[in-house]
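Novice: Below you'll find the structure I mean.
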């Protein structure tokens, strides 16, 4: 039995020797295989960074060049568009100048119909008889407004230029059964009133007229002369 165990050990030794086990363990110690050199070393990272910096700089320059080209094209297109618009607008400018001249001439003609009273201008219609509403429209067509009389001096000045007649002015009370007299120009109560005493308060649609240096009211659909003021504001 001792001899058979010895033969078994010798056989194992021969197999280990044939497999190169002695080469793997020099001086009786095992060693690991040498590691491979890594591809992404610090130097390689630096090279890649320089590459990307260069690439980004080139792309940035390329982008800036594209933007400059686009700006030049846009500027050129705008100049061309402006030139075309100037050409196309010339006839319109001529028409507008002509129209403005006509308006100015028309306004001058209309202003000749107004007379100066104090610091303001009024048109005293002495021939045409209209309802209060028609008189309002007529004054607007003259680029004026039914008169808002500001004080007694102005009232006396207007009536001094007018024959003894009744003249609509811009004061009315169109609400039945109550309400107050207002100016259509301001939407408020009038600046100045000088009422005639003992007036009929039962009249509907009461509109104000001046007569004999006093103010009275009548139904708005009655026909009377009227006074326009040149200014269209209060």
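Note that Cβ sites are derived from N, Cα and C of the backbone, with glycine treated the same way.
Pulled the feature table from Swiss-Prot, pasting it below:
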- 139-228: disulfide bond (DISULFID)
- 207-220: disulfide bond (DISULFID)
- 137-234: domain 'C-type lectin' (DOMAIN)
- 61: N-linked glycosylation site (CARBOHYD)
- 164: N-linked glycosylation site (CARBOHYD)
- 1-21: signal peptide (SIGNAL)
Novice: In whole Å, how far is residue 139 (disulfide bond) from residue 164 (N-linked glycosylation site) when you measure between their Cα atoms?
Specialist: 21
Novice: For residue 61 (N-linked glycosylation site), just give me the three-state DSSP call.
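Specialist: Reduced to three states, the DSSP call for residue 61 (N-linked glycosylation site) is helix.
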Novice: Provide the three-state secondary structure of residue 220 (disulfide bond) computed with DSSP.
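Specialist: SS state of residue 220 (disulfide bond) = coil.
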Novice: Could you tell me which of these glycosylation sites, 61, 164, has the fewest other Cβ atoms within 10 Å of its Cβ?
Specialist: 164
Novice: When a 10 Å sphere is centred on the Cβ of residue 228 (disulfide bond), how many other Cβ atoms does it contain?
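Specialist: Neighbour count, Cβ to Cβ under the 10 Å cut-off: 28.
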Novice: Would you mind checking how many other C-beta atoms are within 10 angstroms of the C-beta on residue 220 (disulfide bond)?
Specialist: 21
Novice: Can you tell which of 139, 207 has the most other C-beta atoms within 10 Å, given these are the disulfide-bonded residues?
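Specialist: It comes out as 207.
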Novice: Across the whole of the domain 'C-type lectin' (137-234), what does the mean pLDDT come to? Round it, please.
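Specialist: In the predicted model, the domain 'C-type lectin' (137-234) has a mean pLDDT of 89.
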Novice: Could you state the CA-to-CA distance between residue 207 (disulfide bond) and residue 139 (disulfide bond) to the nearest Å?
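Specialist: The separation of the Cα atoms works out to 16 Å.
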Novice: Taking the Cα atoms as reference points, how far is residue 220 (disulfide bond) from residue 228 (disulfide bond) in Å?
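Specialist: Each residue's Cα considered, residue 220 (disulfide bond) and residue 228 (disulfide bond) end up 16 Å apart.
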